[in-house]
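*Asks:* Straight out of TrEMBL:
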TRANSMEM  5-24  transmembrane segment
TRANSMEM  36-53  transmembrane segment
TRANSMEM  73-95  transmembrane segment
TRANSMEM  143-165  transmembrane segment
Amino acid sequence: MIRIILVFGALSGLVLIASLGLTMFLHDHAVKFPEWMGYVIMLAALSLIFVGVKRYRDQVKGGVMRFVDGAKVGLGIAAIASITYVLAWEVYLWLTDYRFFPNYMQSVIAAKKAAGISAADLAKLTASLQAMAESYTHPLSRMAITLTEIAPLALIVALISAAVLRFHRILPARG
């Protein structure tokens, strides 16, 4: 079980790192992605949770697995992938001298100004963004924020994988 968790957690983490790197590279070159695209990419990387749970069911459990066993494996893979994502984001911030949030603030404010936001609403938005920027300067707070981006999706994928794969007739092992 541990080997499968480590292997598939690391693979999922590597896919997340590669996609994060590609996204940040393209973003730095003025290619804009909608927010939902980031979640689609995360979901694709987290699909390795399903593959890992299936591998566990087929190779370790002989094709039959209880939900709890699948959930343990899936959540283990999800935890490693999520931690890898958070650490990769911290490395990215460090490599870019923590410019992400100031750049993000500027782009949000510029977009709202271009959309014709009122002065009062702009002041509220700016105050809100400055409060977020303050919390983003604290590493543990920043890591928790980053974790909330991926952990809920990873949790859902892990639990759905365990629920679906507990039925031995779904994607049975090839004999």
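Quick reminder: no glycine exception, Cβ is built from N, Cα and C everywhere.
In the displayed structure, how are the listed features positioned relative to their neighbours?
*Replies:* Same-chain residues lying 6 or more positions outside the transmembrane segment (5-24) and placing a CB less than 8 Å from one of its CB atoms are 33, 38, 41-42, 44-46, 48-49, 51-52, 55, 73, 76-81, 83-85, 88-89, 92, 150.
Within the chain, the transmembrane segment (73-95) has long-range Cβ neighbours (under 8 A, six or more residues past its boundaries) at 1-2, 4-6, 8-10, 12-14, 16-17, 20-21, 24, 45-46, 48-50, 52-53, 56, 139, 142-143, 146-147, 149-151, 154-155, 157-159, 161-162.
Remote same-chain partners of the transmembrane segment (143-165), defined as residues 6 or more beyond its termini with a Cβ less than 8 Å from a stretch Cβ, comprise 16, 39, 42-43, 46-47, 49-50, 53-54, 57, 65, 67-71, 73-75, 77-79, 81-82, 85-86, 89-90, 135-136, 171.
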